[in-house]
Amino acid sequence: MPERFKVSKAEEESDPYPADESATGKLLKDIHDPCDNTQVEQNNEKSNIDANLYLYDDELDTRPHVSTFISSLANYENTIPSATDPDSKTAAPAARMGTLIGVFLPCIQNIFGVILFIRLTWVVGTAGAICGFLIVLTCCCVTMLTAISMSAIATNGVVPAGGSYFMISRSLGPEFGGAVGMLFYTGTTLAAAMYIVGAVEIVLTYMAPWASIFGDFTKDPDAMYNNFRVYGTLLLLIMGLIVFLGVKFVNKFAAVALACVIFSIIAVYIGIFDNIHGNEKLYMCVLGKRLLKDIPIDNCTKSDTLLSDLFCNDNGCDEYYT
């Protein structure tokens, strides 16, 4: 039978430290062991780290950079971040008033004010056409410069809520903001008083003369002033209540007020065609180039006794009358 396996005697390894050698001798031989001078082979594949740190190679690859570590220290927060709910939905932004209701309608309402209805014609009639045009042009220039300045301030950054005064005071500082704020407050107060008085005058003069509380104001001017005080106080309380309810309610009410203003302007043009052939109620007495006002004249002729008494005496009549 051929031999398939061959058994050989294992070689006995010699102990480098004999049993009879002392512990001190073993330690001295271990220190001077030539194997300690063997250099660790360089890892050509790991050129970015020291070869002696090859054991920590995986950990070094996962460590962050120095800049990331410093940034995490600077932005450290001791609070525990809350877990994000995947089912939570972001709230939709609230709808704003928009350009039409928030910008266009309030500006148009300020333009079509009491001055346009009852004072612009008075300015032209008192100052004349040329001087009246210059007055209106000056007012338009002031308004244009103010609008341009406000636009320059608004384009410097995000405009927060709070109105024009808040924007001016935060952009120009407390000194300029305080000065402009005082002027803005004074102008708004006087404008509110002017609009209230104008509204009462229009209602009592053209719409409801019977609503006068203190008698006929056409004969007694003091009666009109007392009507201004009573009705003006009531209107001021109503407007204060509307403002107290909030800005959104003010803008909703402004649309209704603007509709009334537009209807009034349309009524002016309708009245032109309605009275194109004249109106007997608009009775005037003109003497030459002079308009005779507040004079109860039944017959507007030179033979009228009242006119003769005004312009004539025992010595003769005025040259303008003759």
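Cβ atoms here come from the backbone N, Cα and C positions, even for glycine.
Annotated in TrEMBL:
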- 1-11: compositional bias 'Basic and acidic residues' (COMPBIAS)
- 102-272: domain 'Amino acid permease/ SLC12A' (DOMAIN)
- 1-26: region 'Disordered' (REGION)
- 98-118: transmembrane segment (TRANSMEM)
- 124-145: transmembrane segment (TRANSMEM)
- 184-207: transmembrane segment (TRANSMEM)
- 228-247: transmembrane segment (TRANSMEM)
- 253-273: transmembrane segment (TRANSMEM)
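For the domain 'Amino acid permease/ SLC12A' (102-272), the model's pLDDT averages out at 83.
Highest Cβ pair count under 8 Å relative to the transmembrane segment (253-273), across stretches 98-118, 124-145, 184-207: 98-118.
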